[in-house]
Amino acid sequence: MSTDDTVLALRGVVKTFPGVKALNGVDFTLRKGEIHALLGENGAGKSTLIKVMTGVYRRNGGIIALDGTEIHPANTGDAQDLGISTVYQEVNLLPNLTVAQNVFLEREPKRFGIIDWRRMNREARELLLGYDLDIDVTAPLNSYSVAVQQLIAIARGVSMSAKVLILDEPTASLDAEEVASLFNIMRDLRDRGIGIVFVTHFLDQVYAVCDRITILRNGTLVGEYEAATLSQQDLVSHMLGKELEKAVHEKVGQAEAQTRETLFELNQGSSDVLEPLDISVCAGQVVGLAGLLGSGRTELCKLVFGVDELSQGDAKLNNQSIRFSNTRQAVVAGLGLCPEDRKKDGILGPMSIRENMIMALQNKRGWWRYIPMKKQRELAEHYVKVLKIATSDIEKPINQLSGGNQQKVILARWLAAEPKLMLLDEPTRGIDVGAHAEIIQLIRKLCDDGLGLLVASSELEELVEFADKVVVMRDRRKVAELSGSDISQQTIMQAIAGQS
Amino acid sequence: MRYKDLSPAVRRSLWPIIGLFVLLLANVLISPEFFSIEIKDGRFYGSLIDVMNRAAPVALLAIGMTLVIATGGVDLSVGSVMAIAGAVSAGLIVGGVDNIAIVIGGGLLAGVAAGFVNGFLVGYFGIQPIVATLILMVAGRGIAQLINSGQIVTFHHEAFEYLGVGYLFGLPFPIILVIITFVLVQLLMRRTALGLFVEGVGANASASHYIGINDKLIKLMVYCVSGLCAAVAGMIAAADIGGSDANNAGLWLELDAILAVVIGGASLMGGRFSVFLSIIGALIIQALTITIILSGVPPKFNLLIKAAAIIVILLLQSPEFHRQIARFKKAGGAQS
Ligand SMILES: Nc1ncnc2c1ncn2[C@@H]1O[C@H](COP(=O)(O)OP(=O)(O)OP(=O)(O)O)[C@@H](O)[C@H]1O
Ligand SMILES: [Mg+2]
């Protein structure tokens, strides 16, 4: 099976966690100079397979061979020394160190045995400029958004890649331009003979760069395919084990929107980081927020939710002026914010799925009105079923779920709290195609019941699919507002680029 | 059922309980009458009662400390707060106050005030808990000395001394106070959502903030509870000796309290907590002291033996330790 140009070969790899068989005899073959997509539903075992290859987990069985010799990496450093470099799904750099320190961690340029800071900073800057990232590399990593952090992690991984480069959902929070520049770099590395493993839930990206595709389902191998000969439809049905149904929905046009009551309004509102802007959301309306990285989408969500303070202008909910001095007031008033950075601002890692889900509702009710255990379980079971969260048990700590499933739990947390206005910042980040369609359907249904929705997303397709109105942001200000039939990927893209 | 099939919660509680059991068993082996309990004048007497009675102050501190540690903090000031509370109560008595409610209320108020200062610094000013509570750890003893005007203040007040030496339902009153505090805290934490919020703040303060939990207020609250618990412990200590000794009351007990919580399986990073297991931890520390005394080992070995026993218990709790053991066994099995 393995030919001469095989660089990494996995045969019959098994990995079990207590109560879960995450990998059940998986084969995987990576050739030199190819980009190989590793696909599957949320919880299929992609990240686990990667972590087994790179020594984060020890396999319970099977063989992993690099260049024909079996390897047993005991930790990520080992794998790195062997020539396998990895960008993990959750950014796992050191948040308090500077950007440059992170890029060169454990391989700092030295001069006379001590770290050559100037060279390190200069080289880090040059490296990042290759990704159109013109930032201060001496600032701590956590002063940048997840998307930027992700780019930094990619730059680090790519610059270290020797034989194999593994990218686990690197594009989850990147916008089109960054994806394009990443792809150029990937192609370049491929041409230099490096084998690249690429995990993503964006199928068009698979076809844009990948040569071959391996599909997993429930910890088992479905098959290995040539990208050129596998249709997208077949790909999806291999992944899900069934056909994908897609619902189309009627957009709420301008005229209709006027007849609905305005749920939320921001008049010339601004914060320390945003220029004054107007925005309004009607009951039952989905308002999309489009824009490039750093355009102010996340900041706008934070402003509406009261995490950032309104420095000017005013905000109205149901025609009443609102001004929150803490987030609890926002939640009680009927707002909910599903944040962008799942790991940092979303999950309560060691706590159970049930606890993670009921937390927002509980907080809304107040601490003295404890939700009876029976009700908590019912709620959790309900959302596990509705959102198809892959787990054996609602009492499992959330950090044992796969990335996409964690995202679903966070969504469930806010759905359970039944807000009037929901703010979703990159809500479908890392969610597979099957669940994606279902989640959008679910959200639409809620909107029909009067929920107002503000969605920031870098996925234009998603915005076009379900937004009734799209607000385009650039450089921390609002530059356009599209509604009804004016919304298309092209019009949004033009507005983002500033040619309207 | 194998160890690794047990749920994490069960695994965590297993070792402290086994540890305590083994220690008590060792004591029986050393002195067979260890478990015997006599009833004289309707009161229970015996080594077991003794262990519990002596563990009471640390157990009380551990109750408050558990909540603080669950939020990812630590309260180094509890020993000093004990001294302050004792000094305030003693000062009131010596100053001529006879009303027991005022004497106790004064001590409790001092504890809450101290907790409030700690909680305010940590919650609202974002000062590192170690630093914030270190301030009161150092200054607190000074405050207690000021209240006592630098003297050891002795007093006689029957109702107040009952806190330290009284009996209720045949048990020493400090044990009853631990039970009452435990039940109250447990009701507050587990019958309302407060426990959930405390764990949430400890697990991820930023995520809790986005959920809308008032994380600052939660932090303020846990330090206040810790201050209250310390005040009760301080008054027991003062009542026990019939005096307030600002230099020695509660000295180093904050370390025992932290240790009790850690033996109880809590992570200093915050998150999950169990008040019950922390009390077990406090009992282990006390039982260990008694074991060493009973066994007749020269006193100079006391601290070393204590440290060794605690290391064993902590190792047994560590998942990484079990992984290493499993790996070791597997490697050994493969060779043979
Ligand atoms: N540390 C762990 N402990 C227990 N179970 C785990 C752990 N890590 C992963 N799992 C389980 O293993 C299975 C596979 O997870 P994995 O993270 O590999 O999925 P994935 O394919 O990467 O999904 P996603 O697209 O959501 O990232 C899931 O059922 C998950 O719950
Ligand atoms: Mg994954």
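Glycine is no exception: its Cβ is also placed from the backbone N, Cα and C atoms.
These features come from TrEMBL:
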TRANSMEM  B:12-30  transmembrane segment
TRANSMEM  B:51-70  transmembrane segment
TRANSMEM  B:76-94  transmembrane segment
TRANSMEM  B:101-121  transmembrane segment
TRANSMEM  B:127-144  transmembrane segment
TRANSMEM  B:165-188  transmembrane segment
TRANSMEM  B:220-239  transmembrane segment
TRANSMEM  B:251-268  transmembrane segment
TRANSMEM  B:275-297  transmembrane segment
TRANSMEM  B:303-321  transmembrane segment
Interface-richest range of B:12-30, B:51-70, B:251-268 toward the transmembrane segment (B:76-94), CB pairs under 8 Å: B:251-268
Residue numbers, six or more beyond the limits of the transmembrane segment (B:165-188), whose CB comes under 8 Å of its CB atoms: 39, 42-44, 49, 52-53, 56-57, 59-60, 63, 67, 194-195, 225, 229, 232, 236, 239-240, 275-276, 279
Paired segments the transmembrane segment (B:303-321) and the transmembrane segment (B:127-144) in contact, 3+ CB pairs under 8 A: no
Distal contacts, the transmembrane segment (B:251-268) - CB-CB under 8 A, six or more residues away: 12-13, 15-16, 19, 57-59, 61-62, 64-66, 69-70, 72, 74-79, 82, 137, 233, 274, 276-282, 284-285, 310, 313-314, 317
Non-local residues, at least 6 beyond the ends, that sit with Cβ under 8 Å of the transmembrane segment (B:12-30): 6, 47-48, 263-265, 272, 274, 277, 280-281, 283-284, 287-288, 290-291, 294-295, 309, 313, 316-317
